[in-house]
Structures are given as C-alpha cells and as structure tokens.
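Undergrad: Below is the structure I would like to discuss, written out as structure tokens.
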Amino acid sequence: MDSKITRLIEQASVIVGALPYLQAYRDKTFLIKFGGSAMDDARLVKKLMRDIVLLEVLGFNPVIVHGGGKAISKAMAEAGLEARFVNGLRVTTPEAISIVERTLSGTINPGLVQMFRDYGGKGVGIPGTEIFVGERIHEKDEQGNPIDIGEVGNVIGCLTERITEALELQITPIVSPLAKELGTHKPLNVNADLAAAALAKELKPVKLIYISDVPGIMKDPSDPSTLIKSVTRTEALDLIKDGTVSGGMIPKIHSAIDALNAGVRKVHFIDGRLPHTLLLEIFTPDGIGTEIIREQR
C-alpha cells in the first residue's frame, strides 16, 4: 500500500479513536487554567488557543482562566517597581495594582482573545473583576506580626452570569485572574489557580484542567519518568503528608480537591510546554499528565 495512503488511514484511525470522548463530552463544560512559563512561548500559546478552538468547534464548552505572573513582573520592572513576594504572594501596592490590572485585563487577555478569534473561535474577554469576588489577605510574619502585602486577596465568591450567557451562545469566555473586593469594589490580585478552582466550584465542569510548566504530579520532581498518572483525593493528600508533593504544588492540590468536593468530576495537571497537550489528555485513554478523581478505582 502506498505510504501516503497508509498515513491517511492512520490519521483517520486517530479521529475514529476519539469518537467515545466526543460522544461523552459534547455540550459539556471544561474549565482550563493555564500559566507559568508555558505562556512565555508565543508558539505554544497559539497552538493551545487553536486546540481550544477545536474543542469549541466540536461542541465542547471551554472556559479559560489565564495567569500572567512573568508579564506582571516585567511590566513592574519597566515602571521601576521591584517584584517582592511574601509567603509566595506578590506584594501589590496601590501603584502596582494598576499595573497588574492593565497587564492582565488590558494586555494579556485581549491578546489571547485575538489569537482565539484568529483561529475562527468565538472568544470573549472578561475581566476577572466582573466574575470574582474577593477579600483581602492579611499575612503575618514568623512572630505573628501583621505584614502589609497590599491589594492581594482570596476569591470568596463568583458571579457567573456573564460566563453562562456566553456559553449559551457557544462563545468561549477568557477570564483574567483579578477580583473585586467585597464592600470596596477595589481590584485585588488573586492566585489564578485558586481563582480557577473557585470558578469550577460554581460551574461544576466535567474537567478542571491546569496547564503549567510541569508534567503533573511526580514521585521525584526532577524525574519525569516518575509521573503519577492517576490518584484519588485521599491518595493526593497522602502525597502531601509524605512530602512527595511540596512547594507550589500543595495549594494546587488542595484547590483541586476543593473543586472535586464541590462536584467537579476530574481535575487534571498537564505540561503546557508540549504541543497538543490538552488534546492528548482529553482524547487518549492514558492521557499525558496526572488526573485526580473522587472515587476509588
């Protein structure tokens, strides 16, 4: 058989292999959060936007929450402001919050929307301040003394009307990670992972997918071959207790479990540095990253 025909048959087989997933997930909501160094490579971002457009065309309902930490640090440096962190939280002065808001909702978000539309998608940008309700975080040092970290908050609620309206029109919402402070209505800088989990608790998507710059949960963080493909909520907590999961992955895991407890079916952690990582996770039996599930296998 001609080699070209063979390749075409193989491509057709891949499409047919996706049939069970297309049948299972059509008209279902997927909440996709991406950030980290994966956002620094424009080629990867464009490929990801194209893949999400494909999901939209196939009848899925994607919702995107994006990050932008490195772009914020760059914008602050250009403005002569030093990036400082306390307990992993970016210190955000009143002067800095305007830069954060301008970078996230005024630069990154419209750029992603334009990429999405360039591939034929029907995306709409929504500032996080129209979705997330926040309260200010009050940090303390080791002696218990208060530390002022500025305009930084936790998400305590979500206003989902704009998102549900967009989904009803088969338009993909693309949301920036900012919250409006309860009472004052001032913008607050919030963790994008935790914001995505809070939104997932309200929307209850079939999947909450975190796309970052790590392959997933690994027994040895320096060895990708130790990737753990699937864990339950209890097993994930055990990985934190025994030290397998540490650092920045801990709040991600806790937020994932909160989402599962609220009704999300599965949470996935995948590597955004790999082309088509999202499609491989959704449309193949074994996936490419780590999934956290509610039920025992």
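Positions of Cβ are set from backbone N, Cα and C atoms, glycine also.
Per Swiss-Prot, the features are:
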BINDING   Gly68, Gly69, Arg90, Asn189  substrate binding site
SITE      Lys33  site 'Transition state stabilizer'
SITE      Lys252  site 'Transition state stabilizer'
Undergrad: Reduced to three states, what secondary structure does DSSP give Gly68 (substrate binding site)?
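TA: Looking at the DSSP assignment, Gly68 (substrate binding site) belongs to neither helix nor strand, so coil.
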Undergrad: So, in DSSP terms, is Lys252 (site 'Transition state stabilizer') helix, strand, or coil?
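TA: In three-state terms, Lys252 (site 'Transition state stabilizer') counts as helix.
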Undergrad: Just going by other Cβ atoms within 10 Å, which of the recorded positions Lys33, Arg90, Lys252 has the emptiest spot?
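TA: Ranked by other Cβ atoms within 10 Å, the recorded positions Lys33, Arg90, Lys252 bottom out at Arg90.
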Undergrad: Take the C-alpha atoms of Gly68 (substrate binding site) and Lys252 (site 'Transition state stabilizer') and report the distance between them in angstrom, rounded.
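TA: One finds 16 Å between the Cα atoms of these residues.
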Undergrad: How many other Cβ atoms sit within 10 Å of the Cβ of Gly68 (substrate binding site)?
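TA: Taking all protein chains shown, Gly68 (substrate binding site) has 22 Cβ neighbours within 10 Å.
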Undergrad: When you put Lys252 (site 'Transition state stabilizer') at the centre and draw a 10 Å sphere around its Cα, which of the recorded positions Lys33, Arg90, Asn189 have their Cα inside it?
TA: none
